[in-house]
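J.: One structure coming up, written as structure tokens, with questions to follow.
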Amino acid sequence: MADPPGCCPTCATCLLCPYSCQWITPKKKKRKGLRTTKCDCSWFFFLFCVFLFTLVWLYFAVIILNDLHNFNEFIFKQSKLWLNWSQVLLIATSVLITYSSALLVLALCLQLCGQPLKLHWVHKILLILTVLVVAAAFTGLGIKWAEEWKSARISLQATGPFLHIGAVGGMTLLAWPLASFIYRSHSTGLRVFLLLVYCAAMIALYLAPLAITSPCMMEENQLPPKPALVGHRGAPMLAPENTLMSLQKAMECEVQVFETDVRVSADGVPFLMHDEDLTRTTNVQAVFPNRTAENSTAFNWTELQQLDAGSWFLKRKPFTTVESLSDADRNETKRQKIPSLEQALEGVKQGNISIMFDLRPENHSDYENFVNVTLGVILQSGIPLQQVLWLPDGFRELVKQQAPGVQHVYGRKRLVNEKEPLLHVNLPYQDMSSEEIREYRQDNVSVNLYVVNQPWLFSVLWCSGVSSVTTNACQVLKEMERPIWLLPSSTYLMIWIVVDCVSFLIILWAFFLLK
């Protein structure tokens, strides 16, 4: 490469020091040998790829925040160690993306100033480590949490138009250092190759909207009604899950359904509890230190009532919202006990909302007795049966005979030769496409999807026409009066054309200006 006029020595030193650990001296002879070689170009290309790789991981990290509480529970089940992994994930990802982007900016500035791209060996090692860390994160995601790939695909319906604009903007800005490099390089083959790659990338980006689809590309008058909210174990961001306080907070959030999990104690009392054991959500280690590994159904009701089901919420802080609890709420939290199904039904009846629950564990040898005991409590409570949404698949026919008014919710899609039509389905949000949601809606099938916590996801499902969503963040989704964005297709077409035209003109200007 030829020696260009470059920038002042002070500016060059400020750029070279962190990138190459080199100093610029007034004597030009001391700069001999400081030219950008093919090896240096290869490392710059590697740096650019690392930046893109970490950028993609940053996108995934933001997307999986919707489901990270499930991951926290999974880790606790394996290690009995509670940690808010969302903070660890965001901090680690921020460090990686900040490091790679800072190096890339330095390299681009050095190129514009006509300085050599001599990446220091320490940076080379750190970049390789960055690739290994991110690759390990993607591998772990694919092995242990494969459904998040579906989440990423759904997220593109919310972010696709904006990612396109951002990508076009970023590649347009890249025209300046690229033009500078092409005009200064003596290698014709390299210049042609880079120009062809850049042109191909820009053409692909200009045409990308042809493949971008989103249910939120519609007119305002086509927007379906806002989905009803189902409180996942109540309002677990505002109160300990599966407690009467959590039920009360959920009703304050105007949820229409209280979703919970029911187990039956050793002496036949149905109670609310999600986990198999009591370690995560009670102080069983302090009260019954020799029985912490036992199944919660091995305890009788008297023993269960000795446990504190609230203090863990203040200690472990499963959500950041715990920090903002008032003193009154904190005191109320400390008084929480494991509620019985009878108590929950009474609260639901007073609040005039519905209750939906799983009866666990379904593989228990005495499961039929669990069903009978649970039905007995429901019938004795006096709650209108249409307010009870029955999720368990086991012994459905028995339930239909003893409590014909109960609404049955199925955790599967419709079959081709369905004996009787499904009226309610309850599925993970990853398992239903926007087209299927619309089809079920047209056939008057109520679709509830879980667990939906982030506004972007709620917006996509709202535009798709879903009936209801199960959420941990009822206090957030309650405040949403419309989807995050709603854009008519004609408006997006105009934005697409304008962005592409402006980008093309800026790229031409950059090449002509630097020439």
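Along the chain as shown, residues are numbered 1 onward.
Cβ atoms are placed via backbone N, Cα and C, with glycine included.
Feature list, courtesy of TrEMBL:
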- 227-481: domain 'GP-PDE' (DOMAIN)
- 41-65: transmembrane segment (TRANSMEM)
- 85-113: transmembrane segment (TRANSMEM)
- 125-143: transmembrane segment (TRANSMEM)
- 163-183: transmembrane segment (TRANSMEM)
- 190-212: transmembrane segment (TRANSMEM)
- 492-514: transmembrane segment (TRANSMEM)
J.: Where, among 41-65, 85-113, 163-183, do we find the most CB pairs under 8 A to the transmembrane segment (125-143)?
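T.: Ranked by Cβ pairs under 8 Å, first place goes to 41-65.
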J.: May I ask for the residues of the chain that lie six or more residues beyond the transmembrane segment (41-65) and have a Cβ under 8 Å from a Cβ within it?
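T.: Same-chain residues near the transmembrane segment (41-65) but 6 or more away: 71, 86, 89-90, 93, 96-97, 100-101, 103-104, 107, 117, 119, 124, 127, 130-131, 134, 137-138, 141, 145, 148, 151-152, 155, 159, 190, 454.
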J.: Which residues of the chain, 6 or more past the ends of the transmembrane segment (85-113), have a CB below 8 A from one of its CBs?
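T.: Those are 6-7, 11-12, 15-16, 18-19, 44, 47-48, 50-51, 54-55, 57-58, 61, 64-65, 68, 71-72, 75, 119, 123, 126-127, 130, 133-134, 174, 176-177, 180-181, in sequence order.
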J.: Against which stretches of its own chain does the transmembrane segment (492-514) lie, if we need a Cβ under 8 Å and a gap of at least six residues from its ends?
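T.: Same-chain residues near the transmembrane segment (492-514) but 6 or more away: 161, 164-165, 168-169, 171-172, 175-176, 179-180, 183, 202, 206, 209, 217.
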